[in-house]
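Undergrad: One structure coming up, written as structure tokens, with questions to follow.
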Amino acid sequence: MISLQHLLGALGAIVGMGLALAPLPTMIDIITSKSTGDYTPMPYTITLVQNLIWVAYGRVTPNKGDIVFANTLSATVEFAYCLVFWLFAATSKRRQLLYLYFGATAFLFLTVIVCRAADAGISTSISLGTIASILNALMYGSPLAVIGVVIRTRSIRYMPFLLSFMTLLCSIIWFAWSVVARDLFVFLPNVLGLALGVAQVGVWFYYRFYGEREIANERENEDDDDDVELLQ
């Protein structure tokens, strides 16, 4: 009989894959327009790095096969997204992308070196778990930049709802898994993920139903002002 931990792990892998595939409309938009526009590669890069470190953590820590499987699938998809950004980025943005990808690669190598220098067993597990937990928190926090764009433009075009919703759902499931598995490294970032996920979904709904209405009202007021000026 499958344990509750493995059941939640299986659900986490499924939802995690759904989260990884959620940006597909964004990637299609980039490919069809042959431009990255105002989309940012930061969330995908951070997610790729933290996926790989979670895989390493799961491999050196007992009973963490759920983490290894889920993050291996996600890392494969995130790598493809990073490649899309590189292929369709404007020349002026290529240097920034190069710095970002180089920094991510350097961080991975540094992590491997530090963890190999640590004592075998639990020390390595703690080192990797701490780093993965911090990166997971950054992954959940990275869409805050997109929230800024939404607030500035009052448009949800660059904030896909499916991605925000799947992030919230994923954090809920892995939060439950961490409680059952008593894994503090998985627990902490997913508490943050719950809070930020609720915030992202809330912002999306607000600007979906009220932001566009505000813009329409402003345009009507501008038209009324223009009519008054013409009459004068």
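Just so it is clear, glycine is given a Cβ too, placed from its N, Cα and C backbone atoms.
Copying in the features that TrEMBL gives for the protein in this structure:
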type	residues	note
TRANSMEM	7-28	transmembrane segment
TRANSMEM	67-90	transmembrane segment
TRANSMEM	97-114	transmembrane segment
TRANSMEM	126-151	transmembrane segment
TRANSMEM	158-180	transmembrane segment
TRANSMEM	186-207	transmembrane segment
Undergrad: So which residues does the transmembrane segment (7-28) touch in its own chain, when a touch means Cβ under 8 Å and the partner is 6 or more beyond its ends?
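TA: Distal contacts: 39, 44, 47, 65-67, 69-71, 73-74, 77-78, 81, 84, 160, 162-163, 165-167, 169-170, 173-174, 176-177, 180.
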Undergrad: Give the nonlocal contacts of the transmembrane segment (186-207) in its own chain as ranges (CB under 8 Å, at least six residues past its ends).
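TA: Sequence-remote neighbours of the transmembrane segment (186-207) are 67, 133-134, 136-137, 139-141, 143-144, 147, 150-151, 154-156, 159, 161, 164-165, 167-172, 174-175, 177-179.
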Undergrad: Cβ under 8 Å, sequence separation of at least 6 from the ends of the transmembrane segment (97-114): give me the contacting residues as numbers and ranges.
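TA: For the transmembrane segment (97-114), the far contacts come to 41-42, 45-46, 48-49, 52-53, 56, 82, 85-86, 89, 127-128, 131.
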